[in-house]
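Engineer: Take a look at what Swiss-Prot says about it:
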DISULFID  Cys32-Cys98  disulfide bond
DISULFID  Cys41-Cys91  disulfide bond
DISULFID  Cys117-Cys170  disulfide bond
DOMAIN    27-173  domain 'FZ'
CARBOHYD  Asn55  N-linked glycosylation site
CARBOHYD  Asn106  N-linked glycosylation site
CARBOHYD  Asn182  N-linked glycosylation site
CARBOHYD  Asn189  N-linked glycosylation site
CARBOHYD  Asn195  N-linked glycosylation site
CARBOHYD  Asn206  N-linked glycosylation site
CARBOHYD  Asn479  N-linked glycosylation site
SIGNAL    1-22  signal peptide
TOPO_DOM  23-248  topological domain 'Extracellular'
TOPO_DOM  270-277  topological domain 'Cytoplasmic'
TOPO_DOM  299-329  topological domain 'Extracellular'
TOPO_DOM  351-361  topological domain 'Cytoplasmic'
TOPO_DOM  383-403  topological domain 'Extracellular'
TOPO_DOM  425-448  topological domain 'Cytoplasmic'
TOPO_DOM  470-507  topological domain 'Extracellular'
TOPO_DOM  529-594  topological domain 'Cytoplasmic'
TRANSMEM  249-269  transmembrane segment
TRANSMEM  278-298  transmembrane segment
TRANSMEM  330-350  transmembrane segment
TRANSMEM  362-382  transmembrane segment
TRANSMEM  404-424  transmembrane segment
TRANSMEM  449-469  transmembrane segment
TRANSMEM  508-528  transmembrane segment
Amino acid sequence: MVDIRKSLFFIIFFIFYNYVNSQKAINSDAFCQKKTITSICDPYLFNTDSIYIFNSTTTQESIELEIKRLLGFFSMLPSTCQVPSTYRLICNQYFQTCVPISKTDNSSTIAIPLRPCRESCDYGNGICGTQSITPCTGTFTEPTIYKFPVTSNVFDLSSLGGPSNYDLQCLNIDTMKAGNLNGTYISNNETVIVNQTCVYPLVYRNSTNREDDIKKGYQYLTETSDCLLPCPVPFFTENEWYQFKDLTTVTGVISFVCIFFNIFIYGFLNKKHDRHTIGILCLSFSLWCCMLSDLIVASSPDYSLVCPEPGRFARIHDSRCVANGIIFQWGAVCTTMFWSAMAIDLYLVIKKLSLPAFTVKYFVAAIFTLALLFTTVPLAWDDYGYGFGGVGCWIMSNSVQNGCFWIPMLICLLIGAVSICLIIYEIVKVFKNVGRSGISIILANARLFGIVSFIFIEYIYLFVYHFWVQENTEKFTQNITDWVICVQTTGSSDGCPLPKAVPYATQFIFLFFLRLLGIEVCIFYGINSRSKNIILESDLVNNKYFKAIRSKISSVGATSTTKNNTSTNNTSDQFNTSMFSVEVSKNGGDDDDL
């Protein structure tokens, strides 16, 4: 839940009490005025025939604007707050009834405001949950005049030519009575001001079980609000969100096919497994699982996988989301670990060191076991779901995500970094000790060193990206809060800038790098001389059916070659004969000349 409760209550406090505090207890510039505009408060006002205007710069229109600003936040407050008594309190605090008091010489009148009673203020705080930040006990500079009187305020108007001890009873919001004062209020005219809706793109939900809704992934603005955040959160425009999804779908499918090519060669066609081929196969299978999770994302034309309903973020109860998260998590952990294993393997190759076969098997089993552990822990804690970013489901909480992925990744990065440094050291040593004759050793492993280094750079980017986002999470959350307040205040999202979060290009690169891994592994491990030899030595190429096809192709090629040779020979004979004739002719001519 994005809890904007504190910010929301602060805004309400600021608007409501700033208006109250902007008035003086007694203002010589104040005057009474008949209600001249149509207001949403009309049915709730005690007396529309006499409205208190506390200075010359204040108008009924400006008061109405302040009321609308305040009521714009009420859809985010509990439904218990959205009742007639609350509207009576607010409306009569803004459009206060004006009580004219005649001066002692009857030359003119002094305008003083009729204020709601403290009991009404306390009751409004109680049903709205604002009692901790909107006190009802304040006074003006005159300590005997209360902003919300207990029963009445006593005014000393002698400085303005009026009575020195005028007692004005407060307005009881429940009974809409104020001593012996008469008003225009009619109870059956009251209507609900705030409709049970939320400003688009916020989503309204009338909850019957809020706790259960939160578990299902409904993101309420506050603990008591009926408004939900839209899913996905508008950190980006709708078009940009779909660009991310298209990127994931296209590159994910391409990477899926590329990785399957590796699996087919090293898993199905390969007859002779060694440490190197087992490493490639395991790395490829791990990446294939990651890309399989992308196919689950691609299976939905929209964001329904992660946003099953408006305002609901997918959670552990959504089977497709959980499958997407589990498959990706297992594949991602395995990929990271096998990458570090491949870095170690490359160092061993350059050093010409070998490991016993059983060591490799135990190593692979250990990686799969650890990956399974890091995958089941979030499942046990119901932590798979969709957060505020990305296009698919994964681990939601930072603590679990760090413990089950990013910290293991950091360890793998350190292992990989040490291996890369050792490899570079060995390369330098070969150049120094062997000279140019050692270049062949380096060139033979250049592709492998390239892929290990490329993946290392990409992992560093992903690692830094994650912790940068994590470090700025509170800032991004505050940006959401500011955006919500803007939307509710203005009544539209058109004039409100999107909440700032991760830059578009940064997010795009992050998503792209995750899918680029599969294509890179295919290029570096799947397209080389070893994979070619595996294909040529496989049963696929050497079975009787393929041999028959190959022999036919060969016979067709041989026939074509024979014809070409015959044609070439004939052409050569003709050419030679012609040349011979020329030579004879030339020789004959010479004889004649002789």
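Every residue, even glycine, has its Cβ placed from backbone N, Cα and C.
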Engineer: Please state whether DSSP places Cys41 (disulfide bond) in a helix, a strand or coil.
Structural biologist: coil
Engineer: Are there any residues at least 6 positions away along the chain from Cys32 (disulfide bond) with a Cβ closer than 8 Å to its Cβ? List them or say none.
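Structural biologist: Long-range Cβ contacts: Ser50, Ile51, Tyr52, Ile53, Cys98, Val99, Pro100, Thr109, Ala111.
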Engineer: If you run the three-state DSSP split on Cys117 (disulfide bond), which class comes out?
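Structural biologist: In three-state terms, Cys117 (disulfide bond) counts as coil.
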Engineer: Which listed range (278-298, 330-350, 449-469) shows the maximal number of Cβ pairs under 8 Å with respect to the transmembrane segment (249-269)?
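Structural biologist: Comparing 278-298, 330-350, 449-469: 278-298 has the most Cβ pairs near the transmembrane segment (249-269).
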Engineer: Per the definition of 3+ C-beta pairs under 8 A with sequence separation of 6 or more, do the transmembrane segment (508-528) and the transmembrane segment (278-298) touch?
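Structural biologist: Contact confirmed: at least 3 Cβ pairs fall under 8 Å.
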Engineer: Looking only at DSSP and grouping its letters into three states, which state does Cys32 (disulfide bond) belong to?
Structural biologist: strand
Engineer: Rounded to the nearest angstrom, how far is the Cα of Cys117 (disulfide bond) from the Cα of Asn479 (N-linked glycosylation site)?
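Structural biologist: Distance (Cα to Cα, whole Å): 38 Å.
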Engineer: Taking a Cβ cut-off under 8 Å, which residues six or more beyond the ends of the transmembrane segment (404-424) line up next to it in the same chain?
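Structural biologist: Non-local partners: 329, 332-333, 336-337, 339-340, 343-344, 346-347, 350, 370, 374-375, 377-378, 395, 449, 452-453, 456, 459-460, 463, 466-467.
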Engineer: When DSSP states are folded down to helix, strand and coil, where does Cys170 (disulfide bond) land?
Structural biologist: coil
Engineer: Between the Cα atoms of Cys91 (disulfide bond) and Asn182 (N-linked glycosylation site), what distance do you get, rounded to the nearest Å?
Structural biologist: 17
Engineer: Are there any residues at least 6 positions away along the chain from Cys117 (disulfide bond) with a Cβ closer than 8 Å to its Cβ? List them or say none.
Structural biologist: Phe148, Pro149, Val150, Thr151, Cys170, Leu171, Asn172, Ile173
